[in-house]
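Novice: Taken from TrEMBL, the feature Mg(2+) binding site applies to 8, 48, 197, 199. Look at TrEMBL and you will find 5-213 tagged as domain 'Endonuclease/exonuclease/phosphatase'. Residues annotated as site 'Transition state stabilizer' in TrEMBL: 199.
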C-alpha cells in the first residue's frame, strides 16, 4: 500500500528551526530527514514552501533515502511554492513542474496536456509562474495485482482576495487548467489524485466560519468543485 501525506507547511524552513534548536549538532538535512521519517509516508507533498531556487539549500533539498521535487514562484520571494518528497522505494517514473507543459524539460516529463486552446501562451505562463503545481507519476499495483499508472498532482491553489477581483479570475483559470490536465491524464489511462491545498472548502466541516457557510458554499470556487469532475477525483481516486 502506498502512503501519501499532504501538508501545508507554511514555510518549509519553519518547522526545522525548533528541531535544530533542540539538537544543535544536527544539520538541516538531518532535521528535515527526521520530519519525513516521523510522517512515515512513501510520498510527502508540501504546499506553501515559501522558498525560491536561490535560497533553497542543498541540505534542505537533498535528503538521504528520498528524491525531492520543487516548484518555485518566479515572481516573488518567500511566496507560494510546492515540494514533493518520494522515498527511494516510491521513486516516480516521471515528474514535471507546472500544469501547462511550458515548464517541461522534455526529459522524463509526465505529458498528457489536453486541449488548452482556450488559454493564451501568456496566460499559461502566468498560471505556472507562481510555483503552484508538481506532478509525479508512479507505477502501482492494485488489489487485483494489476500494474497501473498513478499520477499525483500536488497543488497550492491561488487564494481569491475580495479586494482584488483579478485574483478570483486567476484562481478560476487555474482551476480550469487543473481540470483539463487531470482529465487528459485520466483519458490516457492513468489514475489521478489531486491533493494539496485547494484553497476552497470541500465540505462544511472543512471550514472554520460556520456563520457564513451559506455564503461560502455559493462562492464561484465552491461551485466549480462540485460542478467539475474534481470532486469525483477526490472521492474516488483517493481510494487507490
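Cβ atoms are placed via backbone N, Cα and C, with glycine included.
Whatever TrEMBL says is automated annotation, not expert-curated.
Keep in mind the model is a prediction, meaning the values are calculated, not measured.
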Novice: Tell me, how many other CB atoms lie within 10 A of the CB of residue 8 (Mg(2+) binding site), whichever protein chain they belong to?
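Specialist: Around the Cβ of residue 8 (Mg(2+) binding site), 15 other Cβ atoms lie within 10 Å.
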Novice: Could you name the residues, excluding 8, 48, 197, 199, of the same chain that surround the Mg(2+) site, i.e. Cβ within 8 Å of the Cβ centre of those residues, in sequence order?
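Specialist: Near the Mg(2+) site, beyond 8, 48, 197, 199, sit 47, 156, 157, 196, 198.
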Novice: What is the number of other Cβ atoms found within 10 Å of the Cβ of residue 197 (Mg(2+) binding site)?
Specialist: 21
Novice: Near the Cβ of residue 48 (Mg(2+) binding site), how many other Cβ atoms are there if near means within 10 Å?
Specialist: 20
Novice: When you measure from the Cβ of residue 199 (Mg(2+) binding site), how many other Cβ atoms are you left with inside 10 Å?
Specialist: 18
